[in-house]
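What follows is one structure encoded as structure tokens, with my remarks underneath.
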Amino acid sequence: MTSERPLLQPSPRLPPPLSALPPPQSEPTATAHQSSFRKNPSSRSRSASTADRISFAPDPLPRSGTRHGSRRGDSFGGSQREISDEDARLIHVDEPSKTNERFEFAGNSIRTSKYSVLTFLPRNLYEQFHRVAYLYFLLIAVLNQLPQLAVFGRTASILPLAFVLLVTAVKDAYEDYRRHRSDRIENNRTALVLTNGEFHRKRWKDIRVGEIIKINADETLPCDMVLLSTSDPTGVAYIQTINLDGESNLKTRYAKQETVAKNPQKEGLLGCTIKCERPNRNIYGFYANMEFDHKRVSLGPSNIILRGCELKNTSWAVGVSVYCGRETKVMLNSSGAPSKRSRLETHMNRETILLSVFLVFLCSTVSVLAGIWLVTHKDELDLSQYYRKKDYSEGNVENYNYYGIGLEVFFTFLSSVIVFQIMIPISLYISMELVRLGQAYFMIRDARMYDEVSNSRFQCRALNINEDLGQIKYVFSDKTGTLTENKMEFRCASVWGVDYSGGKANAVDVNGGYSILVDGKVLKPKVTVKTDPELVRLLRSGKETEERKHARDFFLALSACNTIVPLVVETTDPAVRLIDYQGESPDEQALVYAAAAYGFMLIERTSGHIIIDILGERQRFDVLGLHEFDSDRKRMSVIIGCPDKTLKLLVKGADNSMFGVIEQFLNANIIRSTESHLHAYASLGLRTLVVGIRELSSADFEEWQSAYERANTSLFGRSSQLRAVATAIEQNLRILGASGIEDRLQDGVPEAIESMRQAGIKVWVLTGDKQETAISIGYSCRLLTNSMTQIIINSRTKESCRKSLEDAMAMVKKIQAISPLSSDTGGGTLLKFLLG
């Protein structure tokens, strides 16, 4: 699976590059597009109450200035655009009355229920009569009410249909009652809202656009709000978006430096206005401008936190509400409670229509024959024994309800419909509704569907689709976080052409892992990583060899080229503390824990510098530029200023991306060795990354800095220009090595896939790993077996892909002709197409 991350975004305010380099003239802003498809399992990170950043004595280096580079998503798509008055909404910060009085913005009350007391009956009946059979039964009941056509009792013809409608209505009413209850609980939750200079508790449904809200750690946001300040001096807030996109890893959001230092309780923010776009469904985009103290600053997706996000590892955050209630992005993306229909129900509708056509044909035949008989015997109808049109019982001779041959034929047709109505039995639908209720009851009470970890039972939220569980033919699954635990573990490394993966099983530090002493307390990583003894000896040897230099640069890149935030966690032992690395990517977490195990421990990160303890020596590195990972470049890079006044560009990424920017003529033997090691790692099912380095001169950095300034101030195509700036600097790299990370399968995955295959279900797994890794994972999860025939298709053009597919289909037919008994469910031949 491919995870797309945004491109370049500068941080608010960061330390200067180096004293020898000229400072920039203005603070850059950038735009980016964030889109993530990775599925992660639910996990909770520690809050700020139990985890705090490490703080040290003031650093002698200066901290003013601006860092250049990227950070996640300032805005969606291209450049920051000017918002026209007709397409914008104006928000007066901390003046909700003035804001809402003029524009009449929506309140913060939400509603996910489908019905109300007044609309339940008509809407529910409208939805139920989407079943064609119900319309048929209603027609029969109406016909039975006519005296000329009454074949059965009038009441008896209505009762079956009324019973079916009542059972379904009660079921739908109960489901909607649960939605009303959930809405009521959600709307009555409370949040801290600034009122008359003090924060007071206020119900979510009473929050209005323009009000200033304070969110504490582990609390959920009640609306979409623009960050004004946080407990972090740099204005950084860490959020978890698991309720929006299913990702449990932390994401960063930022408050503008113009508002970070302001205290809304004391100084107030009167006169501050936000001009933003109208509500829309794009959860990864946000265009806005803020005017404050005669300054105008741009706002992007990195400055807004959406409703449903949770604040993590940040003591508090203060923001102003910009979208409330049904205008929030999460509610605009909610399509409401759908009316789900199973495949069986759709099939029954189709069969009902076919039977109705046949019924019309049968009744038409009867009517035509009846008309022929009436015309043939029209002179005999007065005294016909079985017809007797005339009534002679009274003095005046009259006709017996005779309406002429035409109407008699028509009434014969309607009477035939009533007589033949049993062709579509209403009892079938009554039985189906009762069976669905019984199925739901037994599924909920099934002890084998109980999960002890979460203490939860099976939930049947839609009773109309129970039967679809037994009609699944295809299962399309993501790999990372779905089949796997998404808990990466560093397994091996190739450093400067040498494979350090031997002896891993027994390579455990007898002291329980690497640790350092900080302020009289022992600090060690939360996760222990197995180390290679030979590589440890190389790093800690006193000899300044070329191999040792490259090994140190390799682990320096692992600990510096990331967006990980180190947090200190207290333990039961007051003399020991654990350092917990939090970040958006579990791959980065695994690499940073590995670097710490080898003695390169990241212990502090701010918006402009990092501090790494390198084998007992604490060193500070200025972060001068950061280009985050994106799906086009497939790599990320960081420019750091080292303590020896040198500039280094550290890059890591996928091998097919990295080998295109690594200088091939330098150390060709090292590159070939690394490629062979990568192939071996991928064959074991490991996720691989390649690490490179480039030493920058002052001229190189100044050239990049000026190029970044031009791209960042561009009015159009800013994202593509920033991507080009990153690509231009990430050239002529010197290879350092590669890493192998294991992402273990979840318990029961191989057995589940094998059971689905035996049941005749076709299982497809999507992954963005190397081809060798994908095949290895396929065997380990039993998606592939040795009895299968593999057809691997790697194509870069549409025509070549079509030709390869045609050849593959020809081979399939040939194999099936040779072995006609082969099938997906047996042990015969199964063909899997791997498209590269």
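Positions of Cβ are set from backbone N, Cα and C atoms, glycine also.
As given in TrEMBL:
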| type | residues | note |
| --- | --- | --- |
| BINDING | ASP478, THR480 | Mg(2+) binding site |
| BINDING | ASP478, LYS479, THR480, GLU588, PHE629, LYS652, ARG687, THR767, GLY768, ASP769 | ATP binding site |
| COMPBIAS | 1-11 | compositional bias 'Low complexity' |
| COMPBIAS | 42-55 | compositional bias 'Low complexity' |
| DOMAIN | 91-157 | domain 'P-type ATPase N-terminal' |
| TRANSMEM | 156-174 | transmembrane segment |
| TRANSMEM | 353-375 | transmembrane segment |
| TRANSMEM | 409-430 | transmembrane segment |
Just counting, how many other CB atoms are there within 10 A of the CB of GLY768 (ATP binding site)?
18
Can you tell me how far the Cα of ARG687 (ATP binding site) sits from the Cα of THR480 (Mg(2+) binding site), in Å?
11
With Cβ-Cβ distances below 8 Å as the criterion, list the same-chain residues six or more beyond the ends of the transmembrane segment (353-375) that contact it, or say none.
132, 136, 381, 405, 408-410, 412-413, 416-417, 420, 423-424
Whole-number Å only: compute the distance from the Cα of PHE629 (ATP binding site) to the Cα of THR480 (Mg(2+) binding site).
17
Looking only at C-alpha atoms, tell me how far ASP478 (Mg(2+) binding site) is from GLY768 (ATP binding site), rounded to the nearest Å.
10
Across the domain 'P-type ATPase N-terminal' (91-157), what are the DSSP residue counts per state (helix, strand, coil)?
33 helix, 2 strand, 32 coil
Integer average pLDDT (0 to 100) for the domain 'P-type ATPase N-terminal' (91-157):
82
Applying a 10 Å Cβ distance cut-off over all chains shown, what neighbour count does PHE629 (ATP binding site) have?
25
Let me know the largest Cα to Cα distance in Å among the ATP-binding residues ASP478, LYS479, THR480, GLU588, PHE629, LYS652, ARG687, THR767, GLY768, ASP769, as an integer.
24
Count, for each of the binding-site residues ASP478, THR480, ARG687, the other C-beta atoms lying within 10 angstroms of its own C-beta, and report the residue with the smallest count.
ASP478
GLY768 (ATP binding site) versus THR480 (Mg(2+) binding site) - Cα distance in angstrom:
9
